[in-house]
Amino acid sequence: MLEKILDERLVRRRGMTYGSFGDDLKRGGEELLSLQSLVPVASRTQSTRSCQANNEIDFDVVHEENEGEMVDAEEVAPPSENGEVQTVKAGGGLKSWITDFMNLLKAFIGLNFMYISFAMSKAGLVRGVVGITVIAWLTYISCIMLVKVKNALPKEVRAANKHLTYGDVARITSGPRAELVVNGALILTQFGYCTGYLIFLAHTTHDMVQSSWPNWGFVLVPLPLLVLIAQLRSVRSLGPFSAFANLSLLVGFVAVVVYISMNFEFQPTSPPISAFPIFFGQVTAALEGIGLVLPVEASMSDPKYFDRVLALALSCLTFVLMTVGVLGFVTFGEDTKSIILMNMQGSGIITGIKIVLCLGILFTYPLQLVPVVQSLEGWVAGGPPIAAHVIAHEIGQAGIEIDQEIEREQEEAEDEENMAAVANPDEDPIPTEHTGRRTLFANQWYQVLCRFLVVMATALVAMFAGKSFGLFQSLIGSLGAAFLAYTGPAYLHWHMFRNEMGPLGKLRDFFIFVIGIVGSVVGTTVTLMEMFRADDGGASAP
């Protein structure tokens, strides 16, 4: 009976749209939960239970399933026509390691190095270095826990589709409410990052032209172009924009390091401990990439090495952030701006670099907007207000590459259905979302309207809440990213393994869960107080 349900609900993914796949996955997850006795916890390996009993997170054993299930360094393909689970031998070697490393690094890359110096100015030199290290460690542990929960699901669920998302795992593990909360937080943070992009563009443009016009006025400048780009229908058509954004980030990073090195001074300040929650929110936002961890891990050539590749990627990112943060903070001291570019003046080259970065951010905006737009369009079309199967997007190409793969599969399925319809004209065609000729831009009235409204909503928030880019990033980090990065994984891990963990394992999950909750509440409160103080005329970094 279990195999029949999985075959009917999960395996037949070809020809499905985003919404139809998400609905089928949810229904399959509910039926799996009701039939959980058919897949008992005891079916997990003895090595996994031993690891959990010792309260350790040993990722290698997660991929060592019972004999006849999953084999190390193998990728599970969709079941064949006779229902057998197929495995495809994965590649290996240095090239695979580099590819997997870059994919994971792109999941965390973003504008984080632009505001990390401002974050350091809210913590101080010693507290800042220790804080970045601890938050990076918590991020690593939480990512490992989330992947471990996914790999503890029945193998049929994982075999049905390798694109299981954070929200999918939350639903199958803990029910529909968990999925609703996770996907809601993902959409909130994506909306916040889009708004942050507009604030970044407005502040940087205002700084370049030295206008008497207020900062919020510059939010209006890119809106016509953003409304147009947001109408691009296909995620695949946004690929070149993401590649250009990656290049612009690299140029910006090199420019920041060179400028600080040439103008280095040692003048750090000692901020009050009361400002530390702002640092927590900013660094959490800087290191938040957990929404892409599951899809990226599933696409790896050797998933059993995920923990090592993740450790390397996070170590490199932490080193970069710490280097830029410390150098920028000790050089500019209490004058450190919320965007480090605004501390860089006096050169036509610097102005050119700012223009390149602004263009990169401008054309990356639609990528971050994809989950928000998909959710609103689905709601208007009669679906739930928060979409299922949400794939987060970062400024790097990790999220867009996953969506591009799904789009290709959908289009191949549509082509097959069209050919079948031509061959069998008497049969009723199977309706799909993208019937007819594919267009470059959205061509349904509700799609055009939804995209316009989302762009205008981000602009309004940027105008009213964007006096400080750094404070707004801290708000998004505390309000949404802290839950996604710490609270969610700790809860799901506890929910999945609570009957098998020892006291230390439960204490670890509880500790990370509490950090997420307390950090979110305190960070949001302190950041909002600072934002209101800045609006009332108090001192605040621009």
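Just so it is clear, glycine is given a Cβ too, placed from its N, Cα and C backbone atoms.
According to TrEMBL, the feature domain 'Amino acid transporter transmembrane' maps to 96-528.
Under the heading transmembrane segment, TrEMBL lists 126-147 (among others).
According to TrEMBL, the transmembrane segment annotation covers 180-201 (among others).
Using a Cβ-Cβ cut-off under 8 Å and counting only residues 6 or more beyond its ends in the same chain, the transmembrane segment (213-232) has close neighbours at 198-199, 201-203, 205-206, 238, 241, 362-363, 365-366, 369, 373, 440-442, 447-448, 451-452, 454-456, 459, 462-464, 466-467, 542. Look at TrEMBL and you will find 213-232 (among others) tagged as transmembrane segment.
Here TrEMBL flags 244-262 (among others) as transmembrane segment. Nonlocal intrachain contacts for the transmembrane segment (244-262), taken as residues 6+ away from its ends with a CB within less than 8 angstroms of a stretch CB, comprise 106, 109-111, 113-114, 320, 323-324, 327-328, 331, 340-341, 344, 349-350, 353, 356-357, 359-361, 363-364, 367, 395-397.
Tertiary neighbourhood of the transmembrane segment (274-297): same-chain residues 103-104, 107-108, 110, 112, 115-116, 118-120, 122-123, 127-128, 131-132, 135-136, 139, 142-143, 146-147, 150, 162-166, 169, 186, 189, 303, 306, 310, 314, 317-318, 321, 390-394, 398-399, 402, 470-471, 473-478, 481-482, 484-485, 488-489, 519, 522-527, 530, selected by CB-CB distance under 8 Å and a gap of 6+ residues from either end. The transmembrane segment annotation in TrEMBL covers 274-297 (among others).
Within the chain carrying the transmembrane segment (309-332), a Cβ under 8 angstroms from the stretch's Cβ atoms is held by residues 97, 100-101, 104-105, 108-109, 112-113, 116-117, 119-121, 125, 128-129, 132-133, 136, 139-140, 143-144, 253, 256-257, 260-261, 263-268, 283, 286-287, 293, 300, 340, 343, all 6 or more beyond its ends. Positions annotated as transmembrane segment by TrEMBL: 309-332 (among others).
Annotated transmembrane segment per TrEMBL: 344-365 (among others), in sequence order.
With a threshold of 8 Å between CB atoms, the same-chain residues lying at least 6 positions outside the transmembrane segment (445-465) that come near it are 191, 194-195, 198-199, 202, 216, 219-220, 223, 226-227, 230-231, 233, 369, 372-373, 376-377, 380-381, 472, 475, 531. Taken from TrEMBL, the feature transmembrane segment applies to 445-465 (among others).
Feature annotation from TrEMBL assigns transmembrane segment to 471-489 (among others). Using a Cβ-Cβ cut-off under 8 Å and counting only residues 6 or more beyond its ends in the same chain, the transmembrane segment (471-489) has close neighbours at 115, 119, 138-139, 142-143, 145-146, 149, 166, 170, 181-182, 185-186, 188-189, 192-193, 195-196, 199, 277-288, 290-291, 338, 465, 512-513, 515-517, 519-520, 522-524, 527-528, 530-531, 534, 540-541.
Within the same chain, residues 138, 141-142, 274-275, 277-278, 280-281, 284, 465, 467-468, 471-472, 474-475, 477-479, 482-483, 485-491, 494, 540 sit at least 6 positions outside the transmembrane segment (510-532) and bring their C-beta atoms closer than 8 Å to a C-beta of that stretch. For 510-532 (among others), the entry in TrEMBL reads transmembrane segment.
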Within the same chain, the residues 6 or more beyond the ends of the transmembrane segment (180-201) and with Cβ under 8 Å of it are 110-111, 114, 166-167, 170, 218-219, 221-222, 288, 291, 339, 358, 361-362, 364-365, 368-372, 375, 386-388, 390, 392-393, 454, 457-459, 461-462, 465-466, 469, 472-473, 475-476, 479-481, 483-484, 488
